[in-house]
């Protein structure tokens, strides 16, 4: 791919532009890493290594960075399309594509203009990295915990990886679900009962099929008792969605809620502060989007919220929760 007859000054300019592009990408990722270290810092390191390789005339440091950037762009637009489309103007999308295209072209051209006899660099590693960059987000999603409904298992500010469900969840498994009232919203809750189970809550104690359930993960933040929340099922003290209110009456037998076949009942671990199946009803398998497997980063949220970079305030990082398996 090298043009042997191109004048040396033009070749040097192409390589210099490749180095500058890789450095700029590394700087952008480094800045993003101040807020999101686990995503920004690895990418910053990769692009800075690429800049070093281009400077030393390794063609695949340039080709690989171009391929990685293309994979990142493709993965981002694929995920946006699956989510129903981006919430940014069309002009913004066009501008992003132009900038990405220019960066990819600059990197590719730098690789194509390397001097004769230059070492190519680790081509297989770059290709594998680009493929992984595109494929991984299609199966594994990132999710930020924004409420305390799953405390203390999951804390506000935890960032978790969510994998698709390979089989129907069992009792006790944490799942990611689509909220029925707004399916663009995702919640994390714990499955406590499945089809055919009989469920009730008495004085905050969960009872399934007549047996009290040992729940070391469940927390109760208030000392007082609400009939509907803490003695369930019971006459609703709040307005429930009409279909769920009707199902609740129809499926309550002898003070127990009978879960229909193929349905799931979920609760938040923070039982006193959770919007869950007590309030929105049963879930189908199609309502379940996945299950969390790992806390990959966690930081304390400030009150009131601020947008200050978390890496500039390391005391806010919950170091003991990073890479915690769920």
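Every residue gets a Cβ built from N, Cα and C, even glycine.
Just so you know, TrEMBL annotations never went through curation; they're auto-generated.
Copied over from TrEMBL, here are the features:
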- 12-33: transmembrane segment (TRANSMEM)
- 39-55: transmembrane segment (TRANSMEM)
- 62-81: transmembrane segment (TRANSMEM)
- 87-112: transmembrane segment (TRANSMEM)
- 124-144: transmembrane segment (TRANSMEM)
- 126-296: domain 'Peptidase S26' (DOMAIN)
- 149: active site (ACT_SITE)
- 189: active site (ACT_SITE)
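Every protein chain considered, the tally of other Cβ atoms within 10 Å of the Cβ of residue 149 (active site) stands at 21.
Over all protein chains present, the Cβ of residue 189 (active site) has 23 other Cβ atoms lying within 10 Å. Within the chain carrying the transmembrane segment (124-144), a Cβ under 8 angstroms from the stretch's Cβ atoms is held by residues 39, 46, 60-61, 63-65, 67-68, 70-72, 74-75, 78-79, 157-164, 176, 186, 188, 289-290, 292, 296, all 6 or more beyond its ends. Residue 189 (active site) sits 8 Å from residue 149 (active site), counting Cα to Cα.
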